[in-house]
């Protein structure tokens, strides 16, 4: 059966839900698809479908990143429901890196919690350009003054992390009330908060300027073998465009030279695409490449446009204890994990002459040597993590090798 073709009629924007565990991110994601489905602009995706890995449902926390698709009158959206639990922040880093804008979900009765702060900080580090807030579970609070206090606290938190806290839209509502409503009338009062939220997302999150004219690059998130067709790699196109017949290179995560291959097909949401462009989440079919020859963390790129490097200089901000960082300094030879695009790689740190240690809160230029070369270039941002928490954020200032 021929696949349906994906029609590009509206601007495409990548958004995602972030926030503390159990504040309602997954419920809200399901509620958005439900309400927009009433307008024929989405397929309803249930809470259980989003939260669908067996080890998750027992604890009711989301681990995997789930993509859903929906439309408003203005735009086509791909929405990721990001993991909320601190243990799964690793996915948050790779997930938040995919957002043109975030929906921060905060439970009104609880207010901002540690993971709320950590996610806002991460959103800042991975440069999520804009954020709107959904103040959830407001039906459990009847005190208007308390609600206003929670809003004030949220605006202050956002401002402290470099977001324009005074102007960010905060939409109040109940995701559960919308999700559990039996009404098929789009004008039912319990659906209004979802419509208001989508309106805020439409208006406040800017349509991203896509880097379409630059050389093609796509960080690889996943690899699948498809019987009789070959190997498919999936990811979000960072820049440029790709179509059937293009020659591409698989770069990084190896000490060997990049492998060349030819694209034999491009798909988005199970529909074939004439060409994938920057910002699209796509699957790319590769000719003559075995499933074992490609892995998450590599990039697919226009030949010669990016090279793998293991040594680079970087400007790094080391988080303070209050920001969830280290409590103690670190020294030359420190070996944390570097989160670069879709991968984490161990690297050793050298400090500038005369610098003997780095304190939490310092901003420092350091030399990093990764244990395996990765596709990097000047200006690339990354996070530094150890023991399950972010300890620094950095940007590549110069390639050394």
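Note that Cβ sites are derived from N, Cα and C of the backbone, with glycine treated the same way.
Small disclaimer: the values here were computed from a predicted structure and weren't measured.
In Swiss-Prot this protein carries:
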BINDING   19-26, 81-85, 136-139  GTP binding site
BINDING   26  Mg(2+) binding site
DOMAIN    10-209  domain 'tr-type G'
REGION    19-26  region 'G1'
REGION    60-64  region 'G2'
REGION    81-84  region 'G3'
REGION    136-139  region 'G4'
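Features as recorded by Swiss-Prot, highlighted on the structure.
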{"residue": "19", "record": "GTP binding site", "Cβ neighbours (10 Å)": "27"}
{"residue": "22", "record": "GTP binding site", "Cβ neighbours (10 Å)": "17"}
{"residue": "25", "record": "GTP binding site", "Cβ neighbours (10 Å)": "28"}
{"residue": "26", "record": "Mg(2+) binding site", "Cβ neighbours (10 Å)": "28"}
{"residue": "138", "record": "GTP binding site", "Cβ neighbours (10 Å)": "19"}
Mean pLDDT, the region 'G2' (60-64)?
41
Separation of alpha carbons, residue 19 (GTP binding site) and residue 26 (Mg(2+) binding site) (Å):
10
What is the three-state DSSP composition of the region 'G4' (136-139), stated as helix, strand and coil residue counts?
2 helix, 1 strand, 1 coil
What does DSSP call residue 19 (GTP binding site) in the simple three-state scheme?
coil
